[in-house]
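Record features, source Swiss-Prot:
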- 416-505: domain 'LRRCT' (DOMAIN)
- 208-229: repeat 'LRR 7' (REPEAT)
- 230-251: repeat 'LRR 8' (REPEAT)
- 274-295: repeat 'LRR 10' (REPEAT)
- 318-339: repeat 'LRR 12' (REPEAT)
- 340-361: repeat 'LRR 13' (REPEAT)
- 362-383: repeat 'LRR 14' (REPEAT)
- 767-771: motif 'LPXTG sorting signal' (MOTIF)
- 1-35: signal peptide (SIGNAL)
Amino acid sequence: MRKKRYVWLKSILVAILVFGSGVWINTSNGTNAQAATITQDTPINQIFTDAALAEKMKTVLGKTNVTDTVSQTDLDQVTTLQADRLGIKSIDGLEYLNNLTQINFSNNQLTDITPLKDLTKLVDILMNNNQIADITPLANLTNLTGLTLFNNQITDIDPLKNLTNLNRLELSSNTISDISALSGLTNLQQLSFGNQVTDLKPLANLTTLERLDISSNKVSDISVLAKLTNLESLIATNNQISDITPLGILTNLDELSLNGNQLKDIGTLASLTNLTDLDLANNQISNLAPLSGLTKLTELKLGANQISNISPLAGLTALTNLELNENQLEDISPISNLKNLTYLTLYFNNISDISPVSSLTKLQRLFFYNNKVSDVSSLANLTNINWLSAGHNQISDLTPLANLTRITQLGLNDQAWTNAPVNYKANVSIPNTVKNVTGALIAPATISDGGSYAEPDITWNLPSYTNEVSYTFSQPVTIGKGTTTFSGTVTQPLKAIFNAKFHVDGKETTKEVEAGNLLTEPAKPVKEGHTFVGWFDAQTGGTKWNFSTDKMPTNDINLYAQFSINSYTATFENDGVTTSQTVDYQGLLQEPTPPTKEGYTFKGWYDAKTGGDKWDFATSKMPAKNITLYAQYSANSYTATFDVDGKSTTQAVDYQGLLKEPKAPTKAGYTFKGWYDEKTDGKKWDFATDKMPANDITLYAQFTKNPVAPPTTGGNTPPTTNNGGNTTPPSANIPGSDTSNTSTGNSASTTSTMNAYDPYNSKEASLPTTGDSDNALYLLLGLLAVGTAMALTKKARASK
C-alpha cells in the first residue's frame, strides 16, 4: 500500500514538473532565493522566447541555430552579456543564467525585468533607454555597485532601498516621484534623479549640505529643505515649485535660484533679508511686492515672467544688476530711483517710453532691444554707459546719443517701423526721417519698386498697384568707442481695396478684398441636378480661381459659379427583367421598344409597378435622381365558342381567366362526354383549371352513343319480368313516334332541331333531341333477336 502511495505521489510530482515546462524554482519566501534551472536540455528559443535575444544567446552559447538545445551547464558558463541595441522586448530566460555578473541591455524595448530577480551575482546593470516601469526584481540584488536606468518609465524606486553597496545610481529621465529609497544609500557617489520627483524628504538627513542642486525634477513640496539650515546656496531650477514657504527659515541663504518653476506667490521671500542674489526668471510671477524689503539685494533676475508692474522695486536701491527682460512691461518709471544700477535688461517687452532711465547715471550696460522705442533723447545724460544694445526698435534719430562717449559696445541694427497706410496712387512720396548722430539725414540704402530719393523725399512711380513700398538705411556710426551699423527698414503700406463679385445664376454677392490678399471662399452653391465645379473668371470656360494661391488683383473681379450637369440612371423593369439608360438631368429618355406579353396589351411605362403616373417620353424630363419605370399591361379578352353539332354560343373571357361551364347539352341516344378542343378526340376542357389562352378558341360538345334494346319477333314483344316477379305487357316502339322505352330508361323528344338551344338559360335537365336514321334498323334487329330467342325456348320445352 505504501509503495502504491509513493508511486502516486511520484506521478503527481512528475506532472507538476511537466506543467512547469521542466523548471524547478524554489523561492523560499524571498530569502535564500535560488536561480531557476532547467532540468533537461532545451532549445534556445524555448528558453529565450524573444527572437532577438534568442539570436544573441545562440551566439553567446556557440550554437548555430536557435533551435539547438542547451543544458543548464551551458547556461552557467555565461557571466557577462552585452545585448544593447538589438530591439529586444523580453528577457525571459535570463533567470537561468545563474552566474551573470554584468549585463548591458541598454537601448532596447524592455518592459519587464522579472527574470533578474534571483540573479544575485550581478554587480553591474545597464538598462538605460528602455521602457521599464517596475524595478521590483532588483530588490534582492544586494551585490550591485552600479545601476544605470536612465530614460525609462520608472515611477517606484523603493526596491532599491536595500542596495547599500551602490556607488553609482543613474535614474534621470524617468517618471520617479518618490526618492525615499535613497535615504539609506550612504555609499552613493554618483546620483541623478532628474525625473518627476516631488518629495524631497529623503534628503532630510543630509544636513551638511551647503549647496543643493535639485534641478530638472517635478518638485513642488520643498518643506524638507527647512531642515537644511546650513544651506547658503540653493539651486532648484526647472521644477514645479509653486509654494516656497519652507524657505522662509533658511535665513543663511544669500543665493537662491528658482528659475523655471511655477511660482506666482513669492511672499515667503520677504523674510530672506540676507539674500543678495535672487533668480526668479521663467516663472509666472506678476506681483513683486514681497521683494520690496530685500534691501540687500544687489542682483535680481526677473526675466520671462508676467510682470507688468515693477513699482515694488522702487526701494531696492542697493541693486546693481536688474533683469526685467521678456515680460509685459510698458511703464518702467519705478526704476528711476535705482540709481546704483549698473546693469539693466529690458529687452523683449512692450516699452515705447525709455525716459525713466534718464536718472540712472551709473548705468554701464543697458539692453532694451526688441521693444517699440522710437525716441532715445532720454539717454543723453547716461554718460557712463559703455554697452548699449538698442537694436530692433523704431529709432530713427541718433542725435541724442552723440555725447555717450564711453560706449565701447553698441547695437543699433535692424530698426523697423511701419508708417500709417496711405492710399495707393501712381506717384507716392514720403519724407525721409532717418538721422545719424550729427543730425544729418541718412540717405536710403535701397528703395523698393524703383523709387528714387531727392532729399528729403523718397518717391515712387507705380504704374500698377503694389500693397506697400519700402526703403532701407544702413550707415556705420561711431559713438564713443563703440562702432556699429545703424540700419533698418521703413515700410509704407499702400491701401487698396477692390471688389470681388460672386455670381450664381444671375444672383450676385460682393466682398471687399485688399489687393494681394487671398479671397475667402464662399460656401459652395447648390443647384439641383448639377455638381458645383468651382468659381471661374468667365460664365463659361475661363480659368478656375484657386482660393489657396490666387490673390486679389488690383482691380474688381467677377467670379462665376460653374456647374456640371449630373447624369442619372433610368431603369426599365419588365416583369423582373431590367434595362437601363443614363440620362442627363432634365434630359428626355429614349423610349424603349414596346415590350410584348402573351395575353396582354402594353399600356406604357409607369413610375410604379401598379398605378402611378405614366411616363411621357415627349415631355417628361429626367429628375435629379435615379428612377425606375415599370411596364404595365392590360389583360386581353378572347372569345370562347361552344359548338354543339354546328350550333354555337360564345363567351368573352380575359386571358388566363376561367370559362364559365355551360349547361351540359343533350342529344337523343347519346350521353354528353364534355367539351373538347376538337370535334373528335382532342383534349377535354377542365373548367376548374384550364385558363383562357391568348387566342380565341372553339370547344366542341362530344357525346357517346347509348346502347340499343334488341327488336321483337312478329311485331310482338314478349312480356318482361321486373324485379318484383310481375310481368309487363310489351309496347311497340316505333321509330320517330312520341313513345317511351321504359325498359332502356331512355326518352326521346319529338323535337329534332336545336335552333332554340341555349345552354346557359335552359330550364330542362335533359339533352336536346335529335333525329337518328339508324334507329329503325336497330329496332328490327332487336325484334328478330327476341323472336329467335322465343323459338329456341319453345323448342327446348317441347323436347322435354
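Note: Cβ is positioned from N, Cα and C throughout, glycine not excepted.
Since we're looking at a predicted model, the values are computed, not measured.
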(request) Summarise the model confidence on the repeat 'LRR 13' (340-361) as a single mean pLDDT, whole number. (result) 98
(message) Below 8 angstroms Cβ to Cβ, which residues of this chain, lying six or more residues outside the repeat 'LRR 8' (230-251), approach it?
(response) 198, 207-224, 257-266, 268-269, 271-274, 279
(message) Is it possible to list how many residues within the domain 'LRRCT' (416-505) are helical, extended or coil according to DSSP?
(response) 3 helix, 56 strand, 31 coil
(request) Pull the DSSP breakdown for the repeat 'LRR 8' (230-251) and write it out as helix, strand, coil residue counts. (result) 5 helix, 3 strand, 14 coil
